[in-house]
Every structure is written in C-alpha cells, then in structure tokens.
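Asks: Following this message is one structure expressed as structure tokens.
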Amino acid sequence: MASMTCSAGELAQLLGPNVTNSAGAAAFICSQFHIAANNFTATQFAVDNTYLLFSAYLVFSMQLGFAMLCAGSVRAKNTMNIMLTNVLDAAAGGLFYYLFGFAFAFGTPSNGFIGKHNFGLKAFPTSSFDYSYFLYQWAFAIAAAGITSGSIAERTQFVAYLIYSSFLTGFVYPVVSHWFWSVDGWASAIRRNGDLLLGSGVIDFAGSGVVHMVGGIAGLWGALIEGPRIGRFHHSGRSIALRGHSASLVVLGTFLLWFGWYGFNPGSFNKILSAYPDGSVYYGQWSAIGRTAVTTTLAGCTAALTTLFCKRILSGHWNVTDVCNGLLGGFAAITAGCSVVEPWAAIVCGFVASLVLIGCNKLAEIFKFDDPLEAAQLHGGCGTWGVIFTALFATEKYVGEVYPNKTGRPYGLFMGGGGKLLAAHLIQVLVIIGWVSATMGPLFFVLHKFKLLRISAEDEMAGMDLTRHGGFAYIYHDDDDESQRPGTIQLGRIEPTSTTSSGNV
C-alpha cells in the first residue's frame, strides 16, 4: 500500500497568511493525518494476519482429511491405529516445532543452512513474524509428517511414530524449509543477503519440494526398510491388492484435503492487502491469490479425469480411490508453481502428474514396494514433477509480481526465460533427496535394528486395533479372516479379476 505523509511546514504555506496561527493549524491537521495513517497501517496488518490465520485453519483442517483418507485406505482392523497416528503427528509436531522447528526454519538472522533464533518462540513476535505465521508454518510441518505415516501404515510400532514424527517436524523438515523459504536460506528466492542461487533462487511457492518431496521420500525410506505387509506379494512375485475397507472415508478425506488446499496454496502469499505497482486499483495480490486458487483447482481436476480414464483402460474398472489419488497428485504437483503459472499451464501440470503417479505405482509393483496409501509415489513423484514443471512454465510477469525483490529474474524455460531456473530446481530435487535420505534413512534403519520399527507377524495378522489399542474401531469382518465370527456384521467386497495393485492415498 502507498505510504501517506504530511508536512506541517508545507501545509502552513498552503493555508496562507490570512489564517490565524497557520503553523499551529497545520501541525494539528498533520497530527490527525498521522493518526489516520497509523490506523490504516494497523488495519492492513490486521487484515493480513486475519487472512493468514484463516489460511492456517484451512491447512490444519487437512489433518482431518488425512485422518479420513488414511482410515479408509487401510483394512478395518487397523483403523484406530492409523487415526491415532494422525492425532500424534499434530500433537508431537506442535510441541517439537514450537521448541526447535520454527527456530531452525525461520530464526533470523542466521546462516544459509539453518536458523538459530526464536527457540520456543523467544523474543516473539518480531517485525518479521507474528504468531499467525508460526501457526501457519506448524500446519505445514505436520502435513509433511502425515504424508510419511501413510507409507508405513498397518505394520509400524507406535513408538516409531513418536520418534520419527518428532524428528521430522523438529529438525529434518525445518532445515529444508529454511533453505528455500527463509530470507537467509542459501537457495531461497527471497534471500536478502548474498546472491540468489543461479540468479533466481528456487521458486517452490507452497512446497511441492519442501513439503511433499520431504514427506514422500521419508515415507519411501520407512517403507523400504520395513518391507511390505504380510500377504501383499505372493511368493511367486505376483502382486495382491490389500484394499482399504471404506471408499466412503477415502472420498470424504479427499474432499477435506481439497478444501484445505485453498489455504495451503493461496495462503502461502501470507498477506492479501498488497497492491501491485501497475496503477490499477482492482489488480493486486488479491488477484494473484484468486489466480492461485484457480490453478490449484484446474491441476487437481485434470489429474483426476486423466487418472479415471487411464485406469479404466489399464484395469477395465472405474475406480473411485484411484481418481482420488490422481486428484491429490495434481494438487501436490501444482503446489510449487501455483502462483506463477497461467491457468492453462495448470492443466498440463495435472495431466502429467497423473501419468507420473501411474508410472510410479507401476514401478512400485515391479520392485515389490508396499505403500498402503501410495504416499511416496504421490507426494514424492508428483512433488518432484511439480518442482520441474514450475521451472518450465513460470511466466515473467507473475514471477516479477510474486518475487519483486529482484528485477530481471529468470523464469520458465518454455516461456522464454532460459534454463537457469530449471538448473536451480534440479539442484533442489537433488539436495532434498540427499538430505532426507541422509537423515530419515539412518533413523528408520536404527529403529529397525533395535526392533522398534515393525510389529510382530502375529500382531500384524490380528490387526493393531485389537493387539495394541484395546479393541476394534467398529464391528467388522475382514475378507482375510479365517472364519466368520458369530454376531458380527460382515463387510464383503467384490474384487476385480485383475491382480494389479491399487493402493490408496
């Protein structure tokens, strides 16, 4: 917003000699003007903080979406377990992000690798951050942890969830977000001191790399070290689908995540009451926020429809859970470039994201990788595509508006901006893979060696609700039970003849 100033000396001259005590009158008028200007500034801060708080609430509501999605994607005998892990991600993540995570991510001034101020929100709020910003970033951190929990569902000890969730939200994820989102980060597009990486920095606006790749790669290592669930692959190598017990919960969770994504992507502007310097009173950051919501919507819708028809061709069925996965894959991919691409480019993003997800699932089946929610494939694979997509399709105009701290910044290769942004984004992909692998991989390996990672075969067959949580979420009968229990309601399923894996995200 344009600043307003008032000079008592200049105003006194305009009042002229005919006005009694013109200097005093001018000073009084200017004092009232300054009060009004301060009120306008305070109103701007209030509007922006309210917008950010509302966005934080939307992103936090995604935890409910994750919980419903996870519950529907696992077998009924593990429902209470997966629901409890989602609650745990939020609770443990909240404490560790407060104590360490926010400081490692955004504590400034700091070096390019890690933040070193504001532990436990000490000396907070600052001129740069208010409490609303902490809440928003915490909601992002626990989203990354929630992604990982889906990859290792139905076979992981409860203590392992506690350890990895705390470590991921308190250290691993904050370091990555510092690199790419902090004003001090070595690869940040908003870096204040020092040169930008390859003259551009990394444009990962809402976190295809920072959030989705981190959570997906962490889940990849957890699932690889744990191994597949019992019965997931036949001894001959054939894939056997262990389908989730409730498509209704999957759809409910998907819609809740869709709703929350409107806080995830548009909310990443952090403020709404900012005009752009083109002289238009109707075009400002509020317009960019609306455009970001549109690109987010188009990418998800395109990915959902592409997945629907591709899976129909491949399997011969219209599978609602596959469509939900495709939709979320489109969202994960557009998250990096949602603010700097045209709406038509979002359609391209969603289309390719669907193909990436289908291809990653095929590779997972070939290599006998078991991820009950396809979280590693969806968030890791589609997140990687989203990082690359942004470097190809980011427009010069939108990059200049969203990142005004540097003029002449490189933009998308296919939009005539050269290859520097693509090179920076390829570096991002490599360093995220390397960092998460170097931290979460050894953690899961140590937990495995100390027998703290995977539950026993007996517990896995019986279901963790019964063996670890004192009872079932509701009365049910799974198809893999050896005998019908008297007095229970049977939930039967008709499986397709195809033996191709069809996991759920």
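For all residues, glycine too, the Cβ spot is worked out from N, Cα and C.
Because TrEMBL annotations are produced automatically, they should be read as predictions rather than curated entries.
These came from TrEMBL, pasted as-is:
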- 496-505: compositional bias 'Polar residues' (COMPBIAS)
- 51-474: domain 'Ammonium transporter AmtB-like' (DOMAIN)
- 486-505: region 'Disordered' (REGION)
- 51-74: transmembrane segment (TRANSMEM)
- 95-114: transmembrane segment (TRANSMEM)
- 134-152: transmembrane segment (TRANSMEM)
- 159-181: transmembrane segment (TRANSMEM)
- 201-225: transmembrane segment (TRANSMEM)
- 246-264: transmembrane segment (TRANSMEM)
- 422-447: transmembrane segment (TRANSMEM)
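Tell me about the surroundings of these features in the structure.
Replies: Residues 120-121, 128-129, 133-134, 137-138, 141-142, 166, 169-171, 173-175, 177-179, 181-186, 194 of the same chain lie 6+ residues outside the transmembrane segment (95-114) yet bring a C-beta within less than 8 angstroms of a C-beta in it.
Counting same-chain residues at least six beyond the ends of the transmembrane segment (134-152), those with a Cβ under 8 angstroms from any Cβ of the stretch are 52-53, 55-56, 59-60, 62-63, 66, 69-70, 73, 82, 85-86, 89-90, 93-94, 97-98, 101-102, 105-106, 121, 124, 160-161, 164-165, 168-169, 173-174, 177, 207, 210-212, 214-216, 218-220, 222-223, 226, 264, 267, 270, 371-373, 375-376, 379, 440, 505.
Long-range contacts of the transmembrane segment (201-225) within the same chain: residues 140, 143-152, 156, 164, 168, 172-173, 176-177, 180-181, 187-191, 264-265, 268, 332-340, 369-371, 375-384, 386-387, 390-391, 394, 399, 402-403, 421, 424-425, 427-429, 432-433, 436-437, 440-441, 444-445, 448, 453, each at least 6 residues beyond the stretch ends and with a Cβ under 8 Å from a Cβ of the stretch.
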Asks: Taking the transmembrane segment (159-181) as the reference, which of 51-74, 246-264, 422-447 gives the largest number of Cβ pairs under 8 angstroms?
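Replies: Result: 422-447.
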Asks: Please report, as numbers and ranges, the same-chain residues at least 6 past the borders of the transmembrane segment (51-74) whose CB is under 8 Å from any CB of it.
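Replies: Residues packing against the transmembrane segment (51-74) from afar: 81-83, 85-87, 89-90, 132-133, 135-136, 138-140, 142-143, 146, 149-150, 153-154, 244-264, 266-268, 270-273, 321, 324, 372-373, 473, 503-505.
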Asks: Which bits of the chain, at least 6 residues beyond where the transmembrane segment (246-264) starts or stops, bring a Cβ under 8 A of a Cβ in it?
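Replies: Answer is 54-62, 64-73, 76, 140, 143, 206-207, 293, 296, 300, 320-321, 324, 327-328, 331, 335, 504.
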Asks: Average pLDDT across the domain 'Ammonium transporter AmtB-like' (51-474)?
Replies: 94
